[in-house]
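Undergrad: Please see the structure below; I have some questions.
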Amino acid sequence: MKILVCISNVPDTTTKVKFKEGDSLFDDSGVQWIINPWDELALTRAMELKEDAGNSVNEICVIHVGGASADATLRKALAIGADKAVRIDACPADAYHVAGQIAEYLKENPFDIIFSGIESSDYNGSSVGAMIAEFMDYPGISSVTSVNLDDDDIQVNRAIPGGKQVIKTETPFVAVVQKGIANEPRIPSMRGIMMARKKPLEVKPAAELEVLTESIKFELPQEKGACKMIDSESTEQLVDLLKNEAKVL
Amino acid sequence: MSVIAFAKNWNGKFKNSTFELVSYTKALANQLNTNMVVLSIGEVAEEELKLLGNYGADKVLTVSDPQLNTLTSRAYADIVAKAADSVGAEVIVLSDNNSGKAIAPRVSVKLKAGLVAAVQELPVSLEPFVVKKRVFSGKAFGHVQIKSDKKILTIAKNCFGLVKNPCDITIEEFAVDIDTNLFKVKIVEEEEQKDKVILSDADVVVSAGRGMRSPENWAPVEELAEVLGAATACSRPVSDEGWRGHEEHVGQTGKVIAPNLYIAAGISGAIQHVAGISRSKCIVAINTDPEAPIFSVADYGIVGDVMDVLPRLTEAFRNSKS
């Protein structure tokens, strides 16, 4: 069984975002790039499934759509334990474009399970996984909090408001994963980093695909007014302010 | 031309977020000078469908097939796309929730319609069609142009509010062939908490962090939540430590919420936490450290030990009710 993990290369979650060229472009100077947090958890879960001798996962490949600047992030994914990395050499214009590129790769290189993070922490499109499923005409499961294989019988948990569903599916399928899919992301070991240098990182040319949406401008949120401090003995005053000033009760 | 909204139901009932979706879509239809159609999938009683008319819906298409009572994203997407085609919809609007996230991308591929997720307000311009959305997990907003003829939006919860607009409503069954091949995913078990307020729907949220010091200390948080009819939540370290379940984690990698009131007890307010709560209408912070970053995003703050302040606050809320 082969697992494909889609990787987005995003600014570190502590980045203070800035824009340039008349607020039309993200200013990436000095930005530290990381594997998108949900994708990192997906990769971790894929590794756990491969390490469990009870099932037949024999290959984990990570895939990314973007330029050469993402290669360091893909090497990190290899150091964590992926067997192979693929980068589609295209400017990731929008979710439709990215999902279409990955679908083109999948048509030539089939996988059994495709993991995609619920969103990327940069453009928060939350669409790529479900779009891949539709391009490929595969079943897709959203809001996935666990994937288990028992003799290759697949059981997936999906979060629903205030609860969960346990789902069985056939392969191939797309799992759009969120928090809970793995507990802690793995940190590459020294040995992993050494081995990653020898693992394949294939660069594929982009397919001709349409772009349906375009980011044209960014703005920063308005500064919040000062916090009104209340004495810890005066909780009645806070209740009064919430009722009569903020009017949120 | 028209605009279509997909009104999701939960066990045959709509939520306020559904009515917000209808309110938004009606305003969008007015802005585009066209009409709105609302689509409902699965069995919903006529009385419930009529509630959509309170928010400006004058025409509802319903596909009341019992095999559609639970979400199957492929089948739902197929129906949404067919209904959009049949009414000649230029814009399709869904809620930015679990089901919207599952369906909208599929419809986008089917119709080659540009999708923007978690839109914050009505389009900032119509020619070209530009909408505003949260990016960088709430650290900024992006203006995104949709270039395709057909367009799909999902709208962020609490971005628009409810707008009463009573209409005479006509309800029509939308006849559509349902491809049974699209039901390859089988739900074998379902668990739902019936007794707790659901975090993603809650108007008031009481959230606590490491300042509680131990998982045994959660009673004051739960008591305050009970008095307020609030949902409980927590910060990432708390869920990572296993003090509370992952489903309670709010923040960049957990749930992103937008309640009217968010009470943060013993949460320092790391940038990743703020990403999950910055759309709250009002934030109250309680922390021993007056320099904690949570106070820079809070509207009201109390410096003090949560174990002392929370019970007093609970008492104050209780007294204000009686």
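Just so you know, glycine gets a Cβ as well, placed from its N, Cα and C.
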Undergrad: Do you know which of B:N181, B:N287 TrEMBL groups with B:R210, B:S235, B:R236, B:G266, B:I267, B:S268, B:G269, B:A270, B:I271, B:Q272, B:H273 in the FAD site?
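TA: As annotated by TrEMBL, B:R210, B:S235, B:R236, B:G266, B:I267, B:S268, B:G269, B:A270, B:I271, B:Q272, B:H273 share the FAD site with B:N287, chosen from B:N181, B:N287.
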Undergrad: What does DSSP say about B:I267 (FAD binding site): helix, strand or coil?
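TA: For B:I267 (FAD binding site) - judged by DSSP and reduced to three states - the answer is coil.
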Undergrad: Determine the C-alpha span of the FAD site listed in the record, that is the greatest distance between any two of B:R210, B:S235, B:R236, B:G266, B:I267, B:S268, B:G269, B:A270, B:I271, B:Q272, B:H273, B:N287, in Å to the nearest whole number.
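TA: Max span of the FAD binding residues, Cα based, is 18 Å.
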Undergrad: May I ask you to pick out the binding-site residues among B:R210, B:I267, B:G269, B:I271, B:H273 with a CB closer than 8 angstroms to chain A's CB atoms, ordered by sequence, or 'none' if no residue qualifies?
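TA: Answer, by Cβ distance to chain A: B:I271.
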Undergrad: So if I draw a 10 Å sphere around the Cβ of B:H273 (FAD binding site), how many other Cβ atoms end up inside it?
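TA: There are 26 such Cβ atoms around B:H273 (FAD binding site).
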